[in-house]
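Taking it in order: structure first as structure tokens, then the write-up.
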Amino acid sequence: MGDESPHKKLEDNNNTLTPSTVDEDILKKQKEIDDWLPITSSRNAKWWYAAFHNVTAMVGAGVLSLPSAMSHLGWGPGVVILILSWLITLYTLWQMVEMHEMVPGKRFDRYHELGQHAFGEKLGLYIVVPQQLICEVGVDIVYMVTGGKSLEKIHSLVAPHKHIKTTYFIMIFASVHFILAHLPNFNSISGVSLAAAVMSLTYSTIAWTASVHKGVQSDVEYGYKASTATGTVFNFLTALGDVAFAYAGHNVVLEIQATIPSTPEKPSKGPMWRGVVIAYIVVALCYFPVALIGYYMFGNNVEENILISLEKPTWLIVAANMFVVIHVIGSYQLYAMPVFDMIETVLVKKMHFRPTRMLRFIVRNFYVAATMFVAITFPFFGGLLGFFGGFAFAPTTYFLPCIMWLAIYKPKKFSLSWCTNWICIILGLLLMTLSPIGGLRNIIINAKDYHFYS
């Protein structure tokens with residue numbers, strides 16, 4: 001009898017100790033991994049970080065093609081689509097900021113985590129992850145091409161007699177990312193992001209002020225440029241996509257919000273929303289003057305990139321292109337960070353690699369090299385993105401947040417919230433079906449006389 005009790009005591013002790021010790025070990029391990037992963041490792045961002053991260057994510061070099069898009073849309077539809085896109089995307093962005101912490105004590109730090117909450121563990125992943133990856137990796141490839149071509153433009157203006165292949169300029173642009181890609185998290189790229197945000201406002205301002213300085217051209221016309229009705233329709237659809245996808249920062253918004261500290265008294269949505277509003281004002285200051293003034297001055301003769309229409313003074317165009325390069329360097333990093341997070345999460349949590357510097361070094365260099373290779377292989381990737389982007393940008397930006405909102409909050413039928421969300425969903429679906437048609441035609445036209453690595 002005396003023998004039994006110490007054993008029994010020990011068993012009892014073991015039973016009470018083991019599960020909690022195991023739980024503590026698991027939690028400790030989990031915390032170590034979260035402290036290492038790029039999205040969750042640093043939560044001390046200020047609201048102004050959110051402002052310039054959002055500007056960098058939203059304002060792409062695509063702003064310079066807005067006057068050309070306007071020339072295919074015409075005044076009426078062009079202005080309506082510009083304003084509608086601005087309003088709808090601001091609304092869906094507000095929804096995402098609100099949904100980030102709607103479950104007390106939990107934060108949805110990544111877009112797919114919110115998707116899993118709305119649609120279920122598996123389905124949420126299948127719906128969100130492919131679309132988010134198409135957007136983020138696609139944008140990075142486009143920025144590789146944009147950065148390379150802007151460098152090429154600078155070179156052709158400064159040294160017009162020497163010809164160097166676009167391939168080499170894309171490689172020069174990529175070389176910067178082989179270094180910057182090793183910055184560990186969002187807060188560590190805030191300096192790069194701030195520079196990028198300032199640059200986007202600067203080159204947009206250069207574009208419209210130089211247009212005003214040049215004045216309305218003597219042979220200006222505002223009719224549709226294409227000679228056939230078919231051409232006009234296809235151009236209209238392509239331009240629709242160009243304008244709609246000018247507002248595509250939603251793919252990184254929850255990841256940006258994850259870096260802001262949060263307490264029950266002071267949730268992160270306050271500072272995040274302040275940052276978003278400032279960002280959207282800056283976006284309006286970049287987009288509306290460039291699109292409307294550029295089209296007003298040059299009419300339907302405006303070039304695909306308004307800087308080409310401006311031509312002179314040379315120093316100003318060189319400076320603007322340099323600003324574009326600096327901006328797309330920042331944007332590339334901003335869109336790459338969630339991708340790094342996804343890859344590193346899978347490797348560490350699913351495949352049980354150790355979270356080391358070496359792992360990060362290999363993963364990130366491989367990603368930069370892969371995006372560079374695709375950019376060199378398909379320099380007309382912008383057209384490809386118009387096609388694929390239609391299937392991915394439209395949902396993630398225009399209607400996925402609305403569907404999640406309806407699934408989670410279940411607003412009353414025909415209430416204001418219910419109607420607003422359904423209008424956004426219908427417009428988003430139209431966009432998703434119509435814009436890729438124009439993109440596909442552009443790919444066919446470009447691919448006809450294209451030679452690999454020429």
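Positions of Cβ are set from backbone N, Cα and C atoms, glycine also.
As written in TrEMBL, here are the features:
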COMPBIAS  1-12  compositional bias 'Basic and acidic residues'
DOMAIN    44-438  domain 'Amino acid transporter transmembrane'
REGION    1-22  region 'Disordered'
TRANSMEM  47-66  transmembrane segment
TRANSMEM  73-94  transmembrane segment
TRANSMEM  166-183  transmembrane segment
TRANSMEM  189-208  transmembrane segment
TRANSMEM  276-298  transmembrane segment
TRANSMEM  318-340  transmembrane segment
TRANSMEM  361-381  transmembrane segment
TRANSMEM  387-409  transmembrane segment
TRANSMEM  421-444  transmembrane segment
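Residues 45, 49, 51-53, 55-56, 59, 63-64, 180, 183, 282, 285-287, 289-290, 293-294, 306-307, 310, 316, 319-320, 323-324, 326-331, 333-334, 337 of the same chain lie 6 or more positions beyond the ends of the transmembrane segment (189-208) yet place their CB under 8 Å from a CB of it. Under the criterion of 3 or more C-beta pairs below 8 Å, with sequence separation of 6 or more, the transmembrane segment (361-381) and the transmembrane segment (318-340) qualify as touching. Segment contact holds for the transmembrane segment (318-340) and the transmembrane segment (166-183), given three or more CB pairs below 8 angstroms at sequence separation of 6 or more. Panel annotation: around the transmembrane segment (166-183), residues 144-145, 147-149, 151-152, 155, 189, 192, 325, 329, 332-333, 336, 340, 360-361, 364-365, 367-369, 371-372, 375-376, 379, 453 of the same chain, lying at least six beyond its termini, place a Cβ under 8 Å from a Cβ of the stretch.
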